[in-house]
Amino acid sequence: MTSKIKCALIGSGNIGTDLLYKLLRSDVLEPVWMVGIDPDSDGLAKAKAAGLKVTADGIDGLLPFVEADEIKIAFDATSAYVHAENSRKLNELGVVMIDLTPAAIGPFCVPPVNLEQLDENINNINMVTCGGQATIPMVAAVSQVQAVEYGEIVATVSSRSVGPGTRQNIDEFTRTTAGAVEQIGGAEKGKAIIVINPAEPPLLMRDTIHCLTKDQPDEQAITASVHKMIEQVQQYVPGYTLKNGPVFDGRKVTIFLEVEGLGDYLPKYAGNLDIMTAAAARTAEMLASKMLNVKTHLNVTKEAALA
């Protein structure tokens, strides 16, 4: 059996707990710690039941054990407001930080677009936002064919899937996502909108992507590029589905998506969680495989987590 890279989860909320389930079935990652601030949180209880060490004393409760437990990678699923300090403390101990907050201290990563181009020596990688992970691949699919003058994304998510951390970071969400639409998606100007839908029963994550190309769009080439990108995202998020499009109207290209989650921690309507945590796990597996010098792929099935 291949040895595994040990990792820690910081944040015991929706995102951290969903990520836990994905890491438990990894071939190259071994979650050994979960950090929270609420001793009664469901996430800490689930982590402890899965055999992880847990602390409710925040990041400072983990630091004394980092070296002894050989933690090499940490995932921060807390808040943009505290991420910088979390990252500084762990980076000083040689831990690579994968940031699931909108803090955007390190370079952005959207796996099918730029994962392979990331510098191996960076110590902080930002996973943009759930809306960014869902929509930026589509902006990139268009911009890889021809120049995109303006890219606008609208991410609609179920209210039940949005925890307190995300609600506190709405402004950071829109700024960070818009920036990544430009930097990673390739649009000259980007805009991001998030809609938190209170409908019951909860709806699946839905995303709309508008791209304004500089020239008349090459409909055949853009359509082929979009379908190819959909397949790449589906390798780690099987519920990522093109519902309509690309629809062409003059220079405007519109794409409609739906994202269904695996139902690891929250129900399947929380595709916004699933695409974020799956992207983070995929990124960490790439880092771990380089540390171990092995080839690997993310196991996306649920059953292995409980085996």
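From the backbone N, Cα and C atoms, a Cβ is placed for every residue, glycine too.
Note that this is a predicted model, so its numbers are computed, not measured.
What Swiss-Prot records for SER12, GLY13, ASN14, ILE15, SER161, VAL162, GLY163, PRO164, GLY165, THR166, ARG167, GLN168, ASN169, ASN272 is NAD(+) binding site. DSSP assigns ASN169 (NAD(+) binding site) to coil, not to a helix or a strand.
Sequence annotations record features per position, and here Swiss-Prot assigns active site, acyl-thioester intermediate to CYS130 based on sequence analysis. For the recorded site, CYS130 (active site, acyl-thioester intermediate), the DSSP three-state label reads helix.
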### Query
Rounded to the nearest angstrom, how far is the Cα of CYS130 (active site, acyl-thioester intermediate) from the Cα of SER161 (NAD(+) binding site)?
11
